[in-house]
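Report on the following structure.
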Amino acid sequence: MFLWFMQPDIWLTLITLTFLEIILGVDNIIFLSLVVAKLPLSQQNMARKLGLSCAMIMRILLLISIAWLSHITQPLFTVLTLEISFRTLILLGGGLFLIYKAIQEIREELSPAQEDEHGSGSRQLSLCGAIVQIMLLDIVFSLDSVITAVGLSQHIFIMIAAVMIAVGVMMFAAKTIGDFVNATPSIKILALTFLLFVGVLLVADSLNIHIAKEYLYFAIFFSLSVETLNIIRERKNKKVSTLIETHESHSH
């Protein structure tokens, strides 16, 4: 029964699918971090675990619904020359929501006076609302990766195992990444810009305008590297300034 588990190509497929799920889950982790930051500190850890757990269940249900996935790209109707499928509607709706969410967050980050005027209550989000947002956006983010997984493997157990491992890694990394993003304003703006472009890519993909995500990932990685170097430089300069001030105070 489990002879397939002893085959090297099965392990290679599992590793490939897991790596794919983790890489494609980067935007999911960033969105998760921004949504969870709206919650009280006492609820944030629970929201991460519940949100990712529910998202994992949704992904597994999508994988089990392979027959439905095979029909998801079938045209429902045509607008001009564009064939509209269920996948088109999901990507378009998710992309537009992500663009709206990213722009809204960027406006809040760039308008601290407005935030203070309305108070912190305007930024609050319920635990249930946060989990629903995480689940819905996870479906949009994972739709293409699930379809790709179905094409790469014939074994449903391998696909489910890859999803579970990837979600486990995301659970482990989500808090660290979230704390780093929310504690560093420049990185948070960069993360929001990344989500904005992901939304644009989703909308473009829904309109059959295919843009390679590799370009976006490279641009973000380059920007993140430069920003990290700037943060390291600022911390070193601050440390040197503190040492100089301490030395001067002792000399007086």
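Keep in mind that glycine also has a Cβ here, set from the backbone N, Cα and C atoms.
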Checklist line | transmembrane segment range according to TrEMBL, out of 84-103, 224-243 | finding: 84-103
Check: So which residues does the transmembrane segment (189-209) touch in its own chain, when a touch means Cβ under 8 Å and the partner is 6 or more beyond its ends?
Finding: 27, 30-31, 33-34, 82, 87-89, 91-92, 94-99, 101-103, 105-106, 109, 140, 144, 181, 216, 220, 223-224, 227
Check: Cβ under 8 Å to the transmembrane segment (155-177), counting only same-chain residues 6 or more beyond its ends: which ones?
Finding: 4, 10, 13-14, 17-18, 20-22, 25, 28-30, 32-33, 36, 45, 48-49, 52-53, 55-56, 59-60, 63-64, 66, 146, 149
